[in-house]
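Comments concern the structure below.
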Amino acid sequence: MTLALSGHRVEDGIAVGRAHVLQRNEIEIGEFKIASQRIPTEIERLRQAFVDARANLSALAERLQAAAGASASEIIRTHVLMLDDSSLLDGAIDHIENDQCNAEWAMQLQLEALLAEFRTIDDDYIRSRADDAAQVVRLVQKTLAEEGGGEVLGDVPDRLGHTLVIATELTPGEMAVLHERGVAGVVTEHGSPYSHTAILARGMGIPTVMGVRRAQSLITEGEQLILDGHYGVVFADPEESILRHYLQKQSESVRFRQALDTLRASPAASIDHCEIALLANAERPDDMRQALQDGACGVGLYRSEFLFMSGEPPDEEQQLAYYTEAIEALGGAPLTIRTLDIGADKTAHLLDFQALRSNPNPALGLRAVRLCLREVELFKIQLRAILRASARGPVRMLVPMLTTAKEARAVRALLDETRSELERAGQAYDAGMPMGGMIEVPAAALSLESFAGELDFLSIGTNDLIQYMVAADRVDEHVAHLYDPQHPGVIHLLGHVFETAHRLDLPVAVCGEIAGDRRYTRLLLALGLTEFSVQPRAVLEVKKVINETDVGRMRGAMARWREQGEDPRFPTLVQYLDHAQLHG
């Protein structure tokens, strides 16, 4: 009898094969007191564990760069950088010295402090870095337990073709090793779709589903499995009819991927000749170059907050170098830099914000532009770096979390002030650099007219906008079902934003996750969107849907739906629009 299990979709694709249930020998982390004379020896033992763990990860990163490219390798190097961060080691050493505890327990105490800090962060992407911190600490603990060992997945078979690995959770290093060994698909009980492990799975094209409850206890070793990455579903011991269906879909998926390769030089234009701008949400120069090869016309979202995650805030020259590297990778295509989008809960160690860490609701607290307008000197350093970068190539600046036009005016005033300072210093900048705003607060979406004249373009951050609309955290498994881009309220609000922006002659893009999900491409086209900013891997997929869509027909169908309401023949609006595309 077929057993169907569901989880979070991470990477599309269908995998069919046998299960390998990854059994770990969990390390017992106990606390014991050490004699004062042993403290130097224990500290040296910890230092050596950091050296050994770093060596193992660095070797893996080198192998991965050769096999999967620089972007995948850089994710592993992120863990190496965490090991290089003196605060992690120094904090554990403090526990050894002050608490006279063993190195393993000192690392556990340090991890608990880090996780407590990460839990206060609202941003999904940044909050998911807690997984990375935990994984690095556990690697050090494993290395301590094995006294210099700790090879990543050393006990996994060398060849995993036609094998789906079932794990409690995986580190990026473990995912990389599975890729090296030819794994067909991955199922985990825990893990965020925004974690580095998930990003790596997407980058390497490994069909993956995360958050499948009790997967290790419900799936047995060697059992036949089907993984549907598109819908986040896993079938164990499937009936013959289901197996035949998915083998056919797997063949179709291969043909679909092959068809995508032929689209690289094709424009993103619809059947009825509507030209659509496709940009990328990119974090690394390698991703940017790949997106350009696939037909992206620039970068619509370039995060800057990673510069602020270490012990010291970046200075102007460090930020300028970071932005310049991206500009050079784009070779003349536009770069949209999002200003600092993080809360005081995470920057408290940079500023003087200790009291703000206890904010019980950081999602609605001092974050993004609110924080920047309070910490003006920190913000002006970033503004100077962005303006100076604009002299080196086409740059746009995007301000997140705007709620009122007053905030936009305040940012523009600071930008004008910074321009004057650069002018007096004789430093070059683009006087016409556009300033845009992210629309992710419902109040801003409903009062766009007040922003006219303050902003040069808009970008809709649907991830937060939808969360605030439906009052549900999309990564909370208990309420994630309420996070629905097709909710009528969400559709009406998006329609209002597009219509108002067009009337105000404000260019508008969508940079949230739904922009890169091909299931929603026709929905966004039907609402009037003409600029998508998507993950690099999604450029060709979204382009293919655009090429196969009659935009005029979609907009007509959407007008009927908004006038008449839901059609009982179709469970979802997406299905209604797909039918309209096929049958008019």
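Glycine is treated like the rest: Cβ placed from N, Cα and C.
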Residue among Arg284, Arg338, Arg503 sharing the phosphoenolpyruvate site, where TrEMBL lists Arg303, Asn463, Asp464, Arg474 as binders: Arg338
Whole-number Å value for how far Cys511 (active site, proton donor) lies from Arg474 (phosphoenolpyruvate binding site) (Cα to Cα): 17
Cβ-Cβ neighbours of Asp464 (phosphoenolpyruvate binding site) (radius 10 Å): 24
Between Asn463 (phosphoenolpyruvate binding site) and Cys511 (active site, proton donor), the C-alpha gap once rounded to whole angstrom: 9
Candidates His196, Glu440, Cys511 (recorded positions) - the one closest to Arg338 (phosphoenolpyruvate binding site) by CA: Cys511
By Cα-Cα distance, the member of recorded positions His196, Glu440, Cys511 nearest Asp464 (phosphoenolpyruvate binding site): Glu440
Top Cα neighbour of Glu440 (Mg(2+) binding site) in the set of recorded positions His196, Arg303, Cys511: Cys511
Secondary-structure category, per DSSP, in which Arg303 (phosphoenolpyruvate binding site) falls: coil
